[in-house]
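*Asks:* According to TrEMBL, the record shows the following:
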type     : residues : note
COMPBIAS : 36-46    : compositional bias 'Low complexity'
COMPBIAS : 54-64    : compositional bias 'Acidic residues'
DOMAIN   : 102-273  : domain 'Yip1'
REGION   : 14-67    : region 'Disordered'
TRANSMEM : 120-141  : transmembrane segment
TRANSMEM : 161-183  : transmembrane segment
TRANSMEM : 204-222  : transmembrane segment
TRANSMEM : 228-249  : transmembrane segment
TRANSMEM : 256-280  : transmembrane segment
Amino acid sequence: MATPNDLQFQEFEEAADLLSADPGAPTLSMSASNDPTTTAGAPAAGEDVKLDLSEDEAAQEESSELLGGQKSAGGFWTFEYYQSLFNVDTVQVLDRVKGSLMPLPGRNFVKHYLRNNPDLYGPFWICVTLVFSVAISGNLSTFLSSLGDPSYHYRPQFHRVTIAAVVIFLYAWLVPIGLWAFLTWRQGAERQVGGYSFLETVCVYGYSLFIYIPTSILWIISYEWLRWTLIVVAMVISGSVLVLTFWPVVRDDTRVTAVATVVTIVVLHTLLAIGCKLYFFQTAEHTPPAATKAPPIHPTPGGAY
């Protein structure tokens, strides 16, 4: 059986010849610590060898922050802060859009799709697209419904774009601000009440409006029963996203407060859909012109009968 001494590293003959030729050359000992071999330029026996890895550690830490998306941004007055809110790719946006179209029980939009990385890119462009789709579709609907009226003269109603932009952007910002402030207040009053960040709340509301884009385009079809059916379907899908997201937050509050919060969310969402339909997609009612009657003929005195 081989002893530990037999397994020790043996230097090659060439290395021994080189060392004998130049005794002052620095060498590296691979022997055990209990039999140290010191050479010129090497640390003495028992002396700790310290390596400066601060630069490597800093580089690794920076790399991990970039990979994890946790790179700290500057203050809200800097461009980098707002740039991080639009730092999403197409795959993430499409995944969140699909999540807003297919709400499932037990699948929280914030937990499953945002994942602590809310963005404003998707909500912003969804609101912009919805503004133009509602305004343009409303103009086309008015034109098509009045196409057979000879007294109707088409005039582009550009003011509808302004009205749609004001209504939609105010709803997409003021309602989340109010809801976030209320949940923050309740979180301080009731310890068991959770909450989301302001950006997460705005992001949920923005993506929940996506279903109204195809709905507003289909509103061009001038059948009232179809329009109201589309409104109900859109409200159920969009409202489900909001209810499934915010109910887990408010359900630990008092029953009255929790129910009132959810009902308020649904009512405001319903008012937005119905208001857009009634204002931008009014059904033109045409009344046929009254038939003109010929004036009665009165016989003149002395005339022929």
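Cβ coordinates are placed from backbone N, Cα and C, and glycine is handled just like the others.
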*Asks:* Which stretch from 161-183, 204-222, 228-249 shares the most C-beta pairs under 8 Å with the transmembrane segment (120-141)?
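*Replies:* Comparing 161-183, 204-222, 228-249: 204-222 has the most Cβ pairs near the transmembrane segment (120-141).
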*Asks:* Restricting to the same chain and to residues at least six past its boundaries, which positions have a Cβ under 8 Å from a Cβ of the transmembrane segment (228-249)?
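*Replies:* For the transmembrane segment (228-249), the nonlocal Cβ contacts are 99-101, 103-110, 179, 183, 193-196, 204-205, 207-209, 211-212, 215, 218-219, 258, 261-262, 265-266, 269-270, 273-274, 277.
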*Asks:* With Cβ-Cβ distances below 8 Å as the criterion, list the same-chain residues six or more beyond the ends of the transmembrane segment (161-183) that contact it, or say none.
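*Replies:* Here the qualifying positions are 123, 127, 130-132, 134-135, 193, 195-198, 201-202, 204-206, 209, 246, 249-250, 261, 265, 268, 272, 275-276, 279-280.
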*Asks:* Mean pLDDT across the domain 'Yip1' (102-273), rounded to an integer, is what?
*Replies:* 88
